[in-house]
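Swiss-Prot annotations:
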- 12-32: transmembrane segment (TRANSMEM)
- 42-62: transmembrane segment (TRANSMEM)
- 91-111: transmembrane segment (TRANSMEM)
- 128-148: transmembrane segment (TRANSMEM)
- 155-175: transmembrane segment (TRANSMEM)
- 196-216: transmembrane segment (TRANSMEM)
- 234-254: transmembrane segment (TRANSMEM)
Amino acid sequence: MRNSAQSYLKYINIINIFETLYLFYSTGLDTLEYIDSTYKNFIIMYVNQYLLYGTTLKYLSVGEFFMNSLTIFINSIREIMTSTTMVMYAIFGMFIFSEILVFSTFIWGYFHLRLSNPILLAELNVEAYLQISDVLNTGSILVSIILHRVQESANFETDFFMEQLLLIGFIFLSLQNDEYSLILSYVNNYWMTLYFFILTGLHSLHVCAGGIFVLIQSYFYEGDGSQRDEEFNAGVYWHFVEMIWIALTMLLFLA
């Protein structure tokens, strides 16, 4: 019974495709708008019909699931591209909030193991870790300078300070790589080493993402007032990365 119903739905969908093509060639409507709206509705209809019978993963096609996810992703990108500044703030705020939840999960795991396994820690050379913090602090100062230059539409100075901010990010990643190469323990040796690599490695990935954001915003910046200071979301993201590093410094090195 299930197979006959699915065969009938496939037959209906094939008929719908031919009806769509015939209507397209007979009416002569605008090509892009017509194809976009027609096939978007067809994909939604196709997935909804088949998901009625997809009660288990056995009857759910991977292709249908992929097409549905792709349609949602494309529509979300289009909505973001045509949204106002307040909507962009809300989207970016939720993105940063989700990142905070990710770091909070691993920090809570570290706290749980740290409190349940009291250990005697050796003295550390704190100055080396504070130097890494100074690098990110310098980057935050550059972000504040960039915001002032964006308000003044200073094209050359803004591009120069964005390049310096990228250089700061590379210096931080270089120092982090030196720390990994000189560490005397490995991932599987001890739980503290595992969480150290997870937290600092995840933070380094976010530094790379911040550098990519700066590159994107520097590409779209024209220096004629077309990009307002409230749209410089890369600065907000960089401050978020710095605050995470301060929390990790207090947690891993000073506590």
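Note that Cβ sites are derived from N, Cα and C of the backbone, with glycine treated the same way.
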Checklist outcome for this item: Given the transmembrane segment (91-111), its same-chain partners at Cβ distance under 8 Å and 6+ residues beyond its ends are 80, 83, 192, 195, 198-199, 202-203, 206, 233, 236-237, 240, 244, 247, 251
Checklist entry - What residues in the same chain, six or more past the boundaries of the transmembrane segment (234-254), come closer than 8 Å to it by Cβ-Cβ distance? => result 92, 96, 99-100, 103, 107, 110, 124, 126, 129-130, 132-133, 136-137, 139-140, 143-144, 146-147, 165, 196, 199-200, 203, 206-207, 209-210, 213-214, 216-217
Checklist entry - Sequence-remote contacts (6 or more beyond its ends) of the transmembrane segment (155-175), Cβ cut-off under 8 Å? => result 131-132, 135-136, 138-139, 142-143, 145-146, 149, 204, 207-208, 210-211, 214-215, 217-218, 221-224, 238
Checklist entry - Which bits of the chain, at least 6 residues beyond where the transmembrane segment (128-148) starts or stops, bring a Cβ under 8 A of a Cβ in it? => result 158, 161-162, 164-165, 168-169, 171-172, 175-176, 179, 229, 232, 234-235, 238-239, 241-242, 245-246, 249, 253
